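Record features (TrEMBL):
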type	residues	note
SIGNAL	1-31	signal peptide
CARBOHYD	Asn85	N-linked glycosylation site
BINDING	Tyr235, Arg534	chloride binding site
DISULFID	Cys365-Cys383	disulfide bond
BINDING	His396, His400, Glu424	Zn(2+) 2 binding site
BINDING	His396, His400, Glu424	Zn(2+) 1 binding site
ACT_SITE	Glu397	active site, proton acceptor 2
ACT_SITE	Glu397	active site, proton acceptor 1
ACT_SITE	His525	active site, proton donor 1
DISULFID	Cys550-Cys562	disulfide bond
Amino acid sequence: MKRQLMTAAAVCALGLGLAACAGMGMANANAASTTSGPTPAAQATASPEFPATAEGAAAFVASAEERLAALSEEAARIQWTRATNITFDTMWLESKINAEYTELQVELANKAAAFNDVQVAEDVRRKLNLLRLGIVLPAPNRPGAATELAEITTRLDSTYATGKFEYKGEQITLDEANILIAESRDPAETKALYEGWRTVAPQMAPDYARMVEIANEGARELGFADTGAMWRAGYDMDPDAFAAETDRLWEQVKPFYENLHCYVRGQLNAKYGDAVQPDEGPIRADLLGNMWSQQWGNIYDVVAPAAGGESGYDLTELLRRQNYDAQRMVRTGEGFYTSMGLAPLPETFWERSMITRPEGREVVCHASAWDLDNEDDIRIKMCTQVNADDFYTVHHELGHNYYQRAYKDQPFLFKNGANDGFHEAVGDFVGLSATTPTYLNQIGLLDAVPGEEQDIPFLLKMALDKIAFLPFGLMVDRWRWDVFSGETTPAEYNDAWTANMLKYQGLTPPGPRPENAFDPGAKYHIPGNTPYTRYFLAHIYQFQFHRAACQQAGWTGPLHRCSIYGNEEVGRRFNAMMEMGQSRPWPEAMQAFTGERGNDASAVAEYFAPLNLWLTEQNRGKDCGWTA
């Protein structure tokens, strides 16, 4: 997925997230009290400075927040410097500060355990739990462990960021490959691009396996079975119950995905024939227009309905016709938020953001939103292109920035999203309005809103990205949880990844994979150590947010035509939810905006209902599904 959040200290991308890490936040620190308690290895004794009393706990938390806040800005600025100028020196600086920050986090997490049995105020308990749950990759206490872990994560991230491979006699970057695979309709070319990018990853596998060993050692010291169990422990439920909850949500939307899969497979078969794509079983992954087959919108021209397949406009063409550049695209995104009554971005945002790819140096182009000082120094980092995809991405990334600014007055440990899915969902929720013809008409990009006859093309385009993503959003961490638990060994890394592709997505690689393949490493969030279930949750939450906002705005038409642009009452409620940060359990934040306390995928079904009926009719008589 193109969108990745960087944070207050901007170490999320390397997996050493700060407590203030907007994309790494535990859904509910209070949940820790309902999960299994720390093992004896995680127990600690109170220090004379902070006795095991309510007062001692409060003093310890205050000290911890002060120390974390003091280091976070330095870490953030080093991280930003490395991400926007990758050199040996900036990598060295980043590795050093990551190790220092990780050591501090581990120290504080272990000391927090001394207050497990102390009766403390609710907000203090929440912060103590956040200290234990807020580390993405915990280093063990032994000397040198944090340094080794930081060196590995920096190396993994930079290997990905600087990766190139040979294609038709030239060395090309991922950015270039992404454009080519999106546009090519030659199966030989897409196969070469798919397999070529994955040649950058095998060298990561030994580092990745070692990183897992170190992080698991640290997780066990904190009282968790493994790092995956620690990641799942922050959602107001037992880690196993959380996994079951994501399964429940998947089952709600799986029939629709299978309907879409069946239709797309048939269209690919019609174009390429049985020899390339049979009209049964899994889909060949490289044919879907995306390097990771996670979003299929780039092949709309291949799968468009035979009659009335055009939506009446091409957003990329509209942007270019009106002479949009990257700066204007970001200004337009800001305008969406200000139309809802939110304040404009600070001038420093425009002075310090990286909006286009600079010449003459290596950078991390992966789009991300940053909060460097826990106050007002918010930025985005993008290699923005004038196209429909980046128009959406701009609106999404700015959602992170507006969330970061909304909770800036919270205590340090509460400067975060209600849970990590919320942070992603905020931007995607705005994106649902930003992609409607209603909004494009409101801002003058579209002269008139197309009629209802164009609803199926519009919804199909949306589903090719939103619904096609759901199984991928689930499978990435399913693979990673099994790696952390030891169920998947290093020798089985790639086979397990391919098996998950088949099980969840119904996809297969275009050909046999080499013995040394490490295809997970070709996806940013694996070497970047960013937990991925947040994106699956965000794809559920965003529709819940959208349905609630449209109801608040008094919208009476179909959900897919609703735009909340210009509605200040929606903006007021939206901002009130964001201002809560991570100070309260996520169901309270959900209720504050939507009136609902739980996860519910029914809004997804409501949004896409007309398309699902249409797909069912198109698939009549077909042998849908696949065998895993």
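The backbone N, Cα and C atoms fix where each Cβ goes, and this holds for glycine too.
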Exercise for the section: Could you work out which of the recorded positions (Asn85, Tyr235, Glu397, Arg534, Cys562) has its C-beta surrounded by the smallest number of other C-beta atoms within 10 A? Expected result: Asn85
Fill in the blank from the handout: Within 10 A of the CB of Cys365 (disulfide bond), the number of other CB atoms across every chain shown is 20
Practice task
Could you check what DSSP calls Tyr235 (chloride binding site) once collapsed to helix, strand or coil?
Solution key: strand
Exercise for the section: List the Cα distance (Å, whole number) between Asn85 (N-linked glycosylation site) and Cys550 (disulfide bond). Expected result: 42
Exercise for the section: Find the one among the recorded positions Cys365, Cys383, Glu397, Glu424, Cys562 whose C-alpha lies closest to that of Tyr235 (chloride binding site). Expected result: Glu424
Practice task
Taking the Cβ of His525 (active site, proton donor 1) as the centre, count every other Cβ atom within 10 Å, in any protein chain shown.
Solution key: 23
Completion exercise
The recorded positions listed are Cys365, Cys383, His396, Glu397, His525; by CA-CA distance, the one closest to Cys562 (disulfide bond) is His396
Completion exercise
Within 10 Å of the residue listed as 'active site, proton acceptor 2' (Cα basis), scanning recorded positions Glu424, His525, Arg534, Cys550, I find Glu424
Completion exercise
One finds that other Cβ atoms within 10 Å of the Cβ of Glu424 (Zn(2+) 2 binding site) number exactly 30
Fill in the blank from the handout: In chain order, residues whose C-beta lies under 8 angstroms from the C-beta of Cys383 (disulfide bond), counting only those at least six residues away in the same chain, are Asp175, Thr356, Arg357, Val363, Cys365, Ala367
Fill in the blank from the handout: One finds that other Cβ atoms within 10 Å of the Cβ of Cys550 (disulfide bond) number exactly 24
Practice task
Return the member of His525, Arg534, Cys550 nearest to Glu424 (Zn(2+) 2 binding site) in space, with distance defined Cα to Cα and candidates limited to these recorded positions.
Solution key: Arg534
Fill in the blank from the handout: Excluding its own, the Cβ atoms lying within 10 Å of the Cβ of His396 (Zn(2+) 2 binding site) add up to 28
Handout entry: His400 (Zn(2+) 2 binding site) to Cys550 (disulfide bond) - Cα separation in whole Å
Key = 21
